[in-house]
């Protein structure tokens, strides 16, 4: 685990923004395929049709459950924004877990100050152990001096939320 994978999202904010823009564009293209009548929203029947055309034997109850999960505003349709949000929610959890693995060099399920500092230095961010300890202190909910997967996810998602404001 000495290399930092290029697709883990742990690069600079600028490269992450480019990846996000590309994936939103790709999701728009997929959305257009689901939106058979071009009205800017996906209905339950459009979802069922596309899933069946892809070989999935989905029943009405499954389609209804999928629609309920995706339809955040409860209008009975999935808008482009709801579609993007749904897809990014699943991807971001996976991406965050992959990013966590990059930092968790000894694979023990937590990130120490030394691991944090080493990983930051490996991507060109100057760092001291003291700085790493301060970062950890700010997100360490249970006070063990380490960052758990949950604490890492909280830290990263609150950073993303702060940057979008």
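Positions of Cβ are set from backbone N, Cα and C atoms, glycine also.
As recorded in Swiss-Prot, the features of this protein are as follows:
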type    : residues                : note
DOMAIN  : 22-57                   : domain 'EF-hand 1'
BINDING : 35, 37, 39, 41, 46      : Ca(2+) 1 binding site
DOMAIN  : 58-86                   : domain 'EF-hand 2'
BINDING : 71, 73, 75, 77, 82      : Ca(2+) 2 binding site
DOMAIN  : 91-126                  : domain 'EF-hand 3'
BINDING : 104, 106, 108, 110, 115 : Ca(2+) 3 binding site
DOMAIN  : 127-162                 : domain 'EF-hand 4'
BINDING : 140, 142, 144, 151      : Ca(2+) 4 binding site
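Here the CA atom of residue 39 (Ca(2+) 1 binding site) lies 17 Å from the CA atom of residue 73 (Ca(2+) 2 binding site). Proximity of distant same-chain residues to the domain 'EF-hand 1' (22-57), defined by a Cβ-Cβ separation under 8 Å and at least 6 residues beyond the stretch ends, is recorded for 63-64, 66-67, 70, 76-80, 83-84, 87-88, 91. Proximity of distant same-chain residues to the domain 'EF-hand 2' (58-86), defined by a Cβ-Cβ separation under 8 Å and at least 6 residues beyond the stretch ends, is recorded for 24, 27-28, 30-31, 34, 40-44, 47-48, 51-52.
Geometry remark: residue 142 (Ca(2+) 4 binding site) versus residue 115 (Ca(2+) 3 binding site), CA distance 19 Å.
Remark: of the binding-site residues 39, 71, 82, 115, 151, the most isolated position is 39 (fewest other Cβ atoms within 10 Å of its Cβ). Annotation note: residue 41 (Ca(2+) 1 binding site) sits in a strand segment as assigned by DSSP. The shortest Cα-Cα distance between residue 115 (Ca(2+) 3 binding site) and any of the binding-site residues 35, 39, 41, 46, 140 is the one to 140.
Same-chain residues at least 6 positions away in sequence with a Cβ under 8 Å from that of residue 35 (Ca(2+) 1 binding site) are, in sequence order, 41, 42, 46. A gap of 19 Å separates the Cα atoms of residue 106 (Ca(2+) 3 binding site) and residue 140 (Ca(2+) 4 binding site). Secondary structure counts, DSSP: the domain 'EF-hand 4' (127-162) has 25 helix, 2 strand, 9 coil. Mapped onto three states, the DSSP output places residue 110 (Ca(2+) 3 binding site) in strand.
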